[in-house]
Amino acid sequence: MATHSSFTATTPLFLIVLLSLSSVSVLGASHHHATAPAPSVDCSTLILNMADCLSFVSSGGTVAKPEGTCCSGLKTVLKADSQCLCEAFKSSASLGVTLNITKASTLPAACKLHAPSIATCGLSVAPSTAPGLAPGVAAAGPETAGFLAPNPSSGNDGSSLIPTSFTTVLSAVLFVLFFSSA
């Protein structure tokens, strides 16, 4: 239980950072070359539906199956735009979250949902990672990776600076709301 409570205690802060950086990465997507097509919806709000998945996909997590509203949140994300799952994985390193790639890639199967392969996300994953493993099947060891966000192009015109300021203010408001209700 101590592991679950430590994830619960960090969830509000994680969500705020995730919202901030996801908004910036989605708004700045036109400046980057990506393998996966750009999502057609605002992923930052959709990803919040997957907050309970953090304990399952985080490196060092001991949760054997998705908890709480993880699967229903994942279903919501996949129904709206499956590319938002890629956005969540891509932004994980910039949020300070190290993913267990093996478990993250089995999340849809663990929730009995169909999702595009993690390979379609255009992520730099070690070749030894086994995204096709069935839930409950472990590789030689837990594989982890922090995905690096792409470097901004040299032609960045700074157009994402205004949305970043708005996102920062929105994040601060959410931060206060989360901690004042706790």
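Quick reminder: no glycine exception, Cβ is built from N, Cα and C everywhere.
Feature list (source: Swiss-Prot):
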SIGNAL    1-28  signal peptide
DISULFID  C43-C86  disulfide bond
DISULFID  C53-C70  disulfide bond
DISULFID  C71-C111  disulfide bond
DISULFID  C84-C121  disulfide bond
CARBOHYD  N100  N-linked glycosylation site
LIPID     D157  GPI-anchor amidated aspartate
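Shown on the structure are the features that Swiss-Prot records.
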| residue | record | DSSP class |
| --- | --- | --- |
| C43 | disulfide bond | helix |
| C53 | disulfide bond | helix |
| C70 | disulfide bond | helix |
| C84 | disulfide bond | helix |
| N100 | N-linked glycosylation site | strand |
| C111 | disulfide bond | coil |
| C121 | disulfide bond | helix |
Disulfide-bonded residues clustered about C111 (disulfide bond) [Cα within 10 Å; pool: C70, C84, C121]:
C70
Quick check: of the recorded positions listed here (C53, C70, C71, N100, C121), which one has the Cα closest to that of C86 (disulfide bond)?
C121
Cα distance (Å, whole number) from C84 (disulfide bond) to C43 (disulfide bond):
5
Let me check the 10 A CB neighbour count of C70 (disulfide bond). How many other CB atoms are there?
23
Between C71 (disulfide bond) and the residue listed as 'N-linked glycosylation site', how far is it from one CA atom to the other, in Å?
17
Among C53, C70, C84, C121, which are recorded as disulfide-bonded residues, the nearest neighbour of N100 (N-linked glycosylation site) by Cα:
C53
Can you tell me how many other Cβ atoms are located within 10 Å of the Cβ belonging to C86 (disulfide bond)?
24
In Å, rounded, how far does the Cα of C84 (disulfide bond) sit from the Cα of C70 (disulfide bond)?
15
